[in-house]
Amino acid sequence: MSEQKITFADQKRKTVETAEFTEDGRYKRKVRSFVLRTGRLSEFQRNMMNDNWADFGLEHQNNYFDFAEIYGNTNPVILEIGFGMGKSLVEMAEQNPERNYLGIEVHTPGVGACIAYAVEKQVKNLRVICHDATEILQDCIADDSLGGLQLFFPDPWHKSKHHKRRIVQPNFVDNVMQKLQQSGFIHMATDWENYAEQMLDVLSQSKALTNTSKTNDFIPRPDFRPLTKFEQRGHRLGHGVWDLYFVKN
(Lines of atoms letter the chains of each structure in order from A; the text may use other names.)
(Lines give C-alpha, C1' and ligand atoms only; values in the text may rest on other atoms or scores of the structure.)
Protein backbone atom coordinates (compact mmCIF):
# COMPACT_ATOMS: atom_id res chain seq x y z
CA MET A 1 0.00 0.00 0.00
CA SER A 2 1.41 3.38 -0.96
CA GLU A 3 2.14 5.88 1.78
CA GLN A 4 -0.44 8.65 2.08
CA LYS A 5 0.85 12.04 1.01
CA ILE A 6 1.13 14.62 3.78
CA THR A 7 -0.65 17.70 2.44
CA PHE A 8 -0.52 21.33 3.54
CA ALA A 9 -3.71 20.88 5.60
CA ASP A 10 -2.25 17.85 7.38
CA GLN A 11 0.93 19.74 8.17
CA LYS A 12 -1.07 22.71 9.46
CA ARG A 13 -3.02 20.41 11.76
CA LYS A 14 0.18 18.79 13.00
CA THR A 15 1.79 22.18 13.65
CA VAL A 16 -1.14 23.50 15.66
CA GLU A 17 -1.39 20.34 17.75
CA THR A 18 2.32 19.89 18.50
CA ALA A 19 3.28 20.30 22.14
CA GLU A 20 5.94 22.84 23.10
CA PHE A 21 9.18 22.00 24.90
CA THR A 22 12.05 23.95 26.44
CA GLU A 23 15.57 23.74 25.03
CA ASP A 24 16.49 21.01 27.54
CA GLY A 25 13.52 18.89 26.49
CA ARG A 26 11.10 19.64 29.31
CA TYR A 27 7.44 20.15 28.48
CA LYS A 28 6.48 23.81 28.47
CA ARG A 29 3.01 23.89 30.03
CA LYS A 30 0.90 26.84 28.94
CA VAL A 31 -2.53 27.80 30.20
CA ARG A 32 -4.60 27.87 27.03
CA SER A 33 -8.17 28.95 26.51
CA PHE A 34 -8.96 26.08 24.14
CA VAL A 35 -8.78 22.31 23.92
CA LEU A 36 -7.18 20.79 20.83
CA ARG A 37 -9.89 18.33 19.88
CA THR A 38 -9.07 15.40 17.66
CA GLY A 39 -12.03 15.65 15.27
CA ARG A 40 -11.31 14.15 11.89
CA LEU A 41 -10.30 16.45 9.06
CA SER A 42 -12.45 15.20 6.20
CA GLU A 43 -11.10 14.76 2.70
CA PHE A 44 -13.34 17.61 1.52
CA GLN A 45 -12.11 19.96 4.26
CA ARG A 46 -8.52 18.96 3.55
CA ASN A 47 -8.94 19.74 -0.14
CA MET A 48 -10.58 23.08 0.60
CA MET A 49 -7.62 24.12 2.74
CA ASN A 50 -5.05 22.85 0.27
CA ASP A 51 -6.69 24.43 -2.77
CA ASN A 52 -7.77 27.78 -1.31
CA TRP A 53 -5.28 28.70 1.41
CA ALA A 54 -3.54 31.21 -0.83
CA ASP A 55 -6.82 33.11 -1.19
CA PHE A 56 -8.14 32.85 2.36
CA GLY A 57 -5.33 31.83 4.71
CA LEU A 58 -2.90 33.91 6.72
CA GLU A 59 0.05 32.65 8.75
CA HIS A 60 1.41 33.72 12.10
CA GLN A 61 4.36 36.07 11.62
CA ASN A 62 6.60 38.23 13.76
CA ASN A 63 5.55 41.53 12.20
CA TYR A 64 2.20 43.24 11.87
CA PHE A 65 -0.27 42.40 9.13
CA ASP A 66 -0.73 45.07 6.46
CA PHE A 67 -4.51 44.91 6.23
CA ALA A 68 -4.71 47.37 3.32
CA GLU A 69 -2.46 45.10 1.28
CA ILE A 70 -4.19 41.90 2.41
CA TYR A 71 -7.73 43.04 1.64
CA GLY A 72 -6.99 45.59 -1.06
CA ASN A 73 -8.86 48.34 0.77
CA THR A 74 -8.96 50.30 4.03
CA ASN A 75 -12.33 49.08 5.28
CA PRO A 76 -12.64 48.29 9.00
CA VAL A 77 -11.26 44.90 10.03
CA ILE A 78 -13.43 42.83 12.36
CA LEU A 79 -11.64 40.04 14.23
CA GLU A 80 -13.54 36.95 15.33
CA ILE A 81 -11.84 34.53 17.71
CA GLY A 82 -13.00 30.91 17.71
CA PHE A 83 -15.34 30.80 14.73
CA GLY A 84 -16.07 27.06 15.02
CA MET A 85 -17.20 25.74 11.63
CA GLY A 86 -17.33 29.30 10.30
CA LYS A 87 -20.89 29.46 8.95
CA SER A 88 -21.95 32.56 10.89
CA LEU A 89 -18.64 34.29 10.15
CA VAL A 90 -19.04 33.75 6.41
CA GLU A 91 -22.64 34.94 6.58
CA MET A 92 -21.56 38.17 8.29
CA ALA A 93 -18.83 38.71 5.70
CA GLU A 94 -21.35 38.16 2.91
CA GLN A 95 -23.91 40.52 4.47
CA ASN A 96 -21.37 43.27 5.23
CA PRO A 97 -19.13 43.79 2.18
CA GLU A 98 -18.10 47.20 3.55
CA ARG A 99 -16.22 45.39 6.33
CA ASN A 100 -13.25 43.04 6.28
CA TYR A 101 -13.35 39.95 8.49
CA LEU A 102 -10.46 38.05 10.05
CA GLY A 103 -11.26 34.75 11.76
CA ILE A 104 -9.04 32.74 14.08
CA GLU A 105 -9.70 29.06 14.81
CA VAL A 106 -7.29 26.39 16.08
CA HIS A 107 -9.30 23.39 14.89
CA THR A 108 -8.47 22.48 11.30
CA PRO A 109 -11.83 20.83 10.47
CA GLY A 110 -13.51 24.16 11.29
CA VAL A 111 -11.00 26.07 9.19
CA GLY A 112 -11.59 23.75 6.25
CA ALA A 113 -15.36 24.03 6.61
CA CYS A 114 -15.19 27.82 6.84
CA ILE A 115 -13.09 28.08 3.70
CA ALA A 116 -15.48 25.75 1.86
CA TYR A 117 -18.46 27.93 2.78
CA ALA A 118 -16.56 31.09 1.86
CA VAL A 119 -15.78 29.61 -1.56
CA GLU A 120 -19.45 28.67 -2.01
CA LYS A 121 -20.61 32.19 -1.08
CA GLN A 122 -17.79 33.80 -3.11
CA VAL A 123 -16.85 36.21 -0.32
CA LYS A 124 -13.73 38.29 -0.90
CA ASN A 125 -13.55 40.15 2.43
CA LEU A 126 -12.59 37.21 4.67
CA ARG A 127 -9.27 35.75 5.80
CA VAL A 128 -8.68 32.95 8.31
CA ILE A 129 -5.84 31.92 10.60
CA CYS A 130 -5.21 28.54 12.23
CA HIS A 131 -3.18 29.56 15.27
CA ASP A 132 -3.43 30.56 18.94
CA ALA A 133 -5.33 33.87 19.09
CA THR A 134 -3.24 35.33 21.93
CA GLU A 135 -0.09 35.00 19.84
CA ILE A 136 -1.78 36.52 16.79
CA LEU A 137 -2.93 39.52 18.85
CA GLN A 138 0.53 40.00 20.29
CA ASP A 139 2.68 39.44 17.22
CA CYS A 140 0.60 40.19 14.13
CA ILE A 141 -1.97 42.91 14.83
CA ALA A 142 -0.91 46.53 15.20
CA ASP A 143 -2.33 48.84 17.85
CA ASP A 144 -5.40 50.85 16.80
CA SER A 145 -5.95 48.66 13.72
CA LEU A 146 -9.18 46.74 14.44
CA GLY A 147 -12.71 47.97 13.96
CA GLY A 148 -14.10 45.35 16.31
CA LEU A 149 -13.75 42.03 18.10
CA GLN A 150 -16.32 39.23 18.04
CA LEU A 151 -16.22 36.38 20.55
CA PHE A 152 -19.25 34.15 20.25
CA PHE A 153 -19.81 31.15 22.53
CA PRO A 154 -16.22 30.59 23.70
CA ASP A 155 -15.41 27.48 25.71
CA PRO A 156 -17.07 28.13 29.11
CA TRP A 157 -14.71 25.96 31.17
CA HIS A 158 -17.62 25.46 33.55
CA LYS A 159 -15.64 23.88 36.43
CA SER A 160 -14.48 26.51 38.93
CA LYS A 161 -10.93 25.16 38.95
CA HIS A 162 -10.77 25.75 35.18
CA HIS A 163 -12.11 29.31 35.14
CA LYS A 164 -8.54 30.58 34.73
CA ARG A 165 -8.62 29.01 31.27
CA ARG A 166 -11.49 31.18 30.10
CA ILE A 167 -10.28 33.52 27.41
CA VAL A 168 -12.10 36.54 28.84
CA GLN A 169 -9.69 37.78 31.51
CA PRO A 170 -8.55 41.33 32.33
CA ASN A 171 -5.23 40.92 30.51
CA PHE A 172 -7.01 39.63 27.39
CA VAL A 173 -9.34 42.64 27.34
CA ASP A 174 -6.37 44.97 27.88
CA ASN A 175 -4.62 43.42 24.87
CA VAL A 176 -7.73 43.75 22.72
CA MET A 177 -8.20 47.37 23.79
CA GLN A 178 -4.75 48.24 22.46
CA LYS A 179 -5.65 46.79 19.06
CA LEU A 180 -9.05 48.50 18.76
CA GLN A 181 -9.50 51.79 16.98
CA GLN A 182 -11.45 54.52 18.73
CA SER A 183 -15.17 53.65 18.57
CA GLY A 184 -14.22 50.04 17.88
CA PHE A 185 -16.47 47.46 19.49
CA ILE A 186 -16.26 44.29 21.55
CA HIS A 187 -19.22 41.96 21.00
CA MET A 188 -19.44 38.78 23.08
CA ALA A 189 -22.13 36.15 23.43
CA THR A 190 -22.45 33.07 25.63
CA ASP A 191 -25.09 30.60 26.74
CA TRP A 192 -23.51 30.15 30.19
CA GLU A 193 -24.89 32.65 32.70
CA ASN A 194 -21.87 32.38 35.00
CA TYR A 195 -19.54 33.19 32.11
CA ALA A 196 -21.81 36.03 30.99
CA GLU A 197 -21.49 37.59 34.45
CA GLN A 198 -17.71 37.22 34.29
CA MET A 199 -17.62 38.84 30.84
CA LEU A 200 -19.73 41.73 32.14
CA ASP A 201 -17.51 42.17 35.18
CA VAL A 202 -14.25 42.10 33.21
CA LEU A 203 -15.45 44.45 30.46
CA SER A 204 -17.00 46.86 32.97
CA GLN A 205 -13.66 47.21 34.76
CA SER A 206 -12.18 49.00 31.75
CA LYS A 207 -12.71 52.75 31.95
CA ALA A 208 -11.91 52.96 28.23
CA LEU A 209 -15.05 50.99 27.33
CA THR A 210 -18.70 52.02 27.32
CA ASN A 211 -21.49 49.47 27.71
CA THR A 212 -24.17 50.08 25.07
CA SER A 213 -26.81 48.25 27.12
CA LYS A 214 -29.62 50.55 28.29
CA THR A 215 -29.68 48.58 31.54
CA ASN A 216 -25.88 48.60 31.84
CA ASP A 217 -25.62 44.84 31.56
CA PHE A 218 -26.71 42.80 28.51
CA ILE A 219 -28.25 43.79 25.19
CA PRO A 220 -31.18 42.06 23.46
CA ARG A 221 -30.09 39.51 20.89
CA PRO A 222 -29.10 41.58 17.83
CA ASP A 223 -30.53 40.64 14.45
CA PHE A 224 -27.14 41.12 12.80
CA ARG A 225 -25.59 38.20 14.69
CA PRO A 226 -26.41 34.97 12.81
CA LEU A 227 -27.84 32.08 14.78
CA THR A 228 -25.02 29.64 15.54
CA LYS A 229 -25.18 25.93 16.26
CA PHE A 230 -24.03 26.67 19.81
CA GLU A 231 -26.95 29.01 20.31
CA GLN A 232 -29.34 26.43 18.89
CA ARG A 233 -27.85 23.87 21.27
CA GLY A 234 -28.35 26.29 24.15
CA HIS A 235 -32.00 26.72 23.26
CA ARG A 236 -32.47 22.94 23.18
CA LEU A 237 -30.90 22.63 26.62
CA GLY A 238 -33.05 25.41 28.00
CA HIS A 239 -30.15 27.83 28.36
CA GLY A 240 -30.48 31.55 27.98
CA VAL A 241 -28.16 33.51 25.70
CA TRP A 242 -26.45 36.71 26.80
CA ASP A 243 -25.00 39.32 24.42
CA LEU A 244 -22.62 42.08 25.49
CA TYR A 245 -21.67 45.02 23.29
CA PHE A 246 -19.08 47.53 24.47
CA VAL A 247 -17.50 50.40 22.52
CA LYS A 248 -14.05 51.92 22.98
CA ASN A 249 -14.22 55.55 24.10
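In case you wondered, yes, glycine gets a Cβ from its N, Cα and C as well.
Under the heading S-adenosyl-L-methionine binding site, Swiss-Prot lists GLU80, GLU105, ASP132, ASP155, citing sequence analysis as support. Annotation comment: Swiss-Prot describes ASP155 as active site, evidence class similarity to another entry. If you look up Swiss-Prot, you'll see LYS159, ASP191, THR228, LYS229, PHE230, GLU231 marked as substrate binding site.
Cβ-based crowding with a 10 Å cutoff singles out GLU105 as the top-ranked of the binding-site residues GLU105, ASP132, GLU231.
Between the CA atoms of ASP155 (S-adenosyl-L-methionine binding site) and GLU231 (substrate binding site) there is a gap of 13 Å. Note: the CA-CA distance between ASP132 (S-adenosyl-L-methionine binding site) and THR228 (substrate binding site) rounds to 22 Å. For the binding-site residues LYS159, LYS229, the largest tally of other C-beta atoms within 10 A is found at LYS229. In this structure the C-alpha atoms belonging to LYS159 (substrate binding site) and GLU80 (S-adenosyl-L-methionine binding site) are separated by 25 Å. Calculated from their C-alpha atoms, the gap between GLU80 (S-adenosyl-L-methionine binding site) and THR228 (substrate binding site) amounts to 14 Å. The binding-site residues under consideration are GLU80, ASP155. Their Cβ neighbour counts within 10 Å are lowest for ASP155.
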